[in-house]
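Enquirer: Shown below is the structure under consideration.
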Amino acid sequence: MSVRRLAPAEDQPASFSFTEENERWIEKQIAKYPDGRQASAVIPMLWQAQKQHDGWLPQRAIEAVAARLGMPVIRVLEVATFYTMFNLEPVGRWFIQLCGTVPCHVKGSLDLKQVLLERIGDQQHVTADGNFSWLEVECLGACCNAPMLQINDDYYEDLTPDLLIKLLDDLAAGREVKPGPQNGRHASEPHDAVKTLQDPALFDGSLVGSWRKRFEQQDVKTPDEAKAAGEVVPPKAPEPAPAAAPTPQTEKQAATATGPNDPKPGRPDAGRPEHSAAADAPAQRAKSGEEPVAAAKQADASDASSKEGSETTGEPVPAPQSEKSEEPTPSRPSEGKPAAAADEPEASKAPRGRSKETE
């Protein structure tokens with residue numbers, strides 16, 4: 001199934017065209033989509049072409065679908081080769097798909113596979129009478145009825161080798177067969193007519209957990225029953241000593257009591273910068289018993305401060321000068337200065353930014 005190719009040229013029909021009935025069906029499918037979106041009907045059209053042509057898609061059918069939808073042939077071929085529900089080679093009248101994944105494998109699909117190999121032959125081989133062909137596929141989604149297989153469009157479940165042989169014989173003889181479970185089970189109800197929903201307690205939401213208690217009580221045996229069964233009766237566990245009565249506490253003691261695992265109380269100002277209160281703050285003056293500053297004095301102090309700031313004029317204060325020497329690093333550390341600077345006159349050695357007259 002991993003590599004999917006068209007059937008050989010000798011199996012391909014010379015032509016393909018939809019029947020009048022299918023043409024009317026196709027028009028209804030295309031009408032479901034907006035104008036210019038008719039390519040959305042490619043999958044249902046391919047499916048209808050496969051049903052019309054004995055359960056498989058020839059190359060001429062793929063080309064007819066592409067022409068009907070105005071699509072490149074390669075685009076339609078991509079869809080046909082991608083989806084495994086499209087058969088690209090001839091199949092039998094009864095095309096069997098055997099599920100071989102884990103649930104069916106555990107329940108006996110290998111035995112069913114052996115029956116198909118003996119009765120039909122290898123996978124994708126069509127019998128001489130054209131009635132049967134088969135293929136092993138991935139999960140078909142009926143794990144609760146494993147092992148199972150699909151014949152054309154119907155599921156046949158709960159199979160055994162004998163039931164599969166009978167099913168194949170009935171199909172070959174033209175007798176009617178019934179899809180679904182083949183062992184008398186209805187749908188996927190419990191096997192062997194197991195009835196677990198008869199107790200009304202299961203439908204009462206207020207009794208949640210009652211079944212668990214019932215099972216636990218059934219597992220517990222009395223001492224007499226344990227002795228009769230030859231089991232060792234475990235000694236009765238001593239009852240725990242009663243806890244000491246707590247010492248009565250006052251409401252204040254209970255509120256301030258701390259346990260061994262209680263965290264230490266943090267300081268309210270932990271992690272915050274500490275600020276000292278201003279000496280002339282109103283709260284500080286009141287705390288020390290001093291009289292508050294009169295409103296007139298506060299206004300005079302504010303005016304004096306603003307006046308002093310407005311009258312301040314003069315030259316800007318120069319930026320502080322670095323104390324580091326700006327002389328270059330001496331080439332001879334023993335002399336302490338460069339050789340070129342030694343022959344330089346003293347007057348030229350004045351610090352930068354100052355005139356010679358200022359010295």
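Placement of Cβ uses the backbone N, Cα and C atoms for every residue, glycine included.
Just lifted these from TrEMBL, have a look:
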type     : residues : note
REGION   : 175-196  : region 'Disordered'
COMPBIAS : 216-228  : compositional bias 'Basic and acidic residues'
REGION   : 216-359  : region 'Disordered'
COMPBIAS : 235-245  : compositional bias 'Pro residues'
COMPBIAS : 246-257  : compositional bias 'Low complexity'
COMPBIAS : 264-277  : compositional bias 'Basic and acidic residues'
COMPBIAS : 294-304  : compositional bias 'Low complexity'
COMPBIAS : 346-359  : compositional bias 'Basic and acidic residues'
Enquirer: Apart from its near flanks, which chain residues at least 6 from the ends of the region 'Disordered' (175-196) lie with a Cβ under 8 angstroms of it?
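Expert: For the region 'Disordered' (175-196), the nonlocal Cβ contacts are 144-145, 154-160, 163, 167, 202.
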Enquirer: Using DSSP, what is the helix/strand/coil residue split across the region 'Disordered' (175-196)?
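Expert: Its residues divide into 3 helix, 2 strand, 17 coil.
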